[in-house]
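In what follows, a structure is listed as structure tokens, so that the remarks can point back to it.
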Amino acid sequence: MITLVSQDIHHFPSTFPTNPLQLMTVENQSSVSEFLLLGIPIQPEQQGVFFALFLGMYLTTVLGNLLILLLIRLDSRLHNPMYFFLSHLALTDITFSSVTVPKMLVIMQTKRKSIPYAGCLSQTYFFILLADLDSFLITTMAYDRYVAICHPLHYTTIMSQSVCVTLVLGSWVIACACALLHTLLLARLSFCADNTIPYFFCDLAALLKLSCSDTSLNQLVIFTAGLTAIMLPFVCILVSYGHIGATILQVPSAKGICKALSTCGSHLSVVTLYYGAIIGVYFLPSSNSTNDSNIISSLMYTVVTPMLNPFIYSLRNKDMKGALRKLLSKRTYSSN
């Protein structure tokens, strides 16, 4: 068991307490070995319904994104940069949901709300890593759409296999670095007395509120890393779609607009869902939002968005629908 001690030895009184009860009080006030996740504020009689709902959503997320990976792997028509990025996004979404949802389901079913200190830090690390990776992958997909529409003649040259691999590897490296920096700075903090987190996962901002150490450096890193990992990619996406819109308007035609919408519509839907929820939780003033609304927004980008991504890309993408029909027809033929 890992224990944080929030006071150095020279901060203790000159006479160390010998009474066992007094000693226990000092230890409880100076160290935290686990945290309590309150989970989602649901009435007891509704626990079963919501457990079934979130379990169904989680299974849909895993199976839907696995289906995307399978279709991209089996259909040679989907072996291009756009679907290369989509396959990594699908894998990230599976892992992203798996970081938070299983623990949430355990809390709802067993009422065991405790999570070890080391487990909480691990969850925070992987949550930040995968959230940042989602952001970078969505941005690379926007860049891919920009090149495809604004520079179609040079698309294969610009979006070569080496460039695609470099973009994905770069996304992983930056996301890992940001997550590691946040986690190391969090590990140096001390936590006293209150160890209750009013969320269903170990949220970085909630943990900083519980710390009895100086968190000014952590807050500064959150601000700078947030600009790097969230807002800067979001601005790049806006710039990419600004160029796409300008290119379409230069040659206005119903066919061109329909083609652009079919190409970019799915991605724009994902961008709206993902960044809308994150901005609502982390960038809007806290005075304008309650804890319950923050939990709902967190559920949007940790549970709902990863679940909707397979539907968005399969229902609004003719290539994915064609690959799915091809797969189903093969299974029907083989069964006959």
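Heads up, residue numbers simply count up from 1 along the chain you see.
Placement of Cβ uses the backbone N, Cα and C atoms for every residue, glycine included.
If you look up TrEMBL, you'll see 49-72 (among others) marked as transmembrane segment. Residues 40, 42, 78-79, 83-84, 86-87, 90-91, 93-94, 97-98, 101-102, 104-105, 108-109, 303-304, 306-307, 309-311, 313-314, 320, 323-324, 327 of the same chain lie 6 or more positions beyond the ends of the transmembrane segment (49-72) yet place their CB under 8 Å from a CB of it.
Taken from TrEMBL, the feature domain 'G-protein coupled receptors family 1 profile' covers 64-313.
If you look up TrEMBL, you'll see 84-105 (among others) marked as transmembrane segment.
For 125-143 (among others), the entry in TrEMBL reads transmembrane segment. Long-range contacts of the transmembrane segment (125-143) within its own chain (CB-CB distance under 8 A, at least 6 residues past either end) are made by residues 82, 85-86, 88-89, 92-93, 95-96, 99-100, 167-168, 170-172, 174-176, 178-180, 182-183, 201-204, 229-230, 233-234, 236-237, 240-241, 267, 270-271, 274, 278, 301.
Taken from TrEMBL, the feature transmembrane segment applies to 163-185 (among others). Long-range neighbours of the transmembrane segment (163-185) within the same chain, counting only residues 6 or more positions beyond its ends whose Cβ lies under 8 Å from a Cβ of the stretch, are 81, 84-85, 88, 121, 124-126, 128-130, 132-133, 136-137, 140, 143, 204, 217-218, 221-222, 225, 228-229.
According to TrEMBL, the transmembrane segment annotation covers 220-239 (among others).
The transmembrane segment annotation in TrEMBL covers 260-283 (among others).
As annotated by TrEMBL, transmembrane segment applies to 295-315 (among others). Residues 40-41, 54, 57-58, 60-61, 64-65, 67-68, 86, 89-90, 93-94, 96-97, 100-101, 131, 198-201, 203, 266, 269-270, 273-274, 276-278, 280-281, 289, 321, 324 of the same chain sit 6 or more residues outside the transmembrane segment (295-315) yet have a Cβ under 8 Å from a Cβ within it.
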Spatial neighbours of the transmembrane segment (220-239) not adjacent in sequence (6+ beyond its ends, CB under 8 Å) are 131-132, 135-136, 138-139, 142-143, 174-175, 178, 181-182, 185, 204-205, 271, 275, 278, 282-283
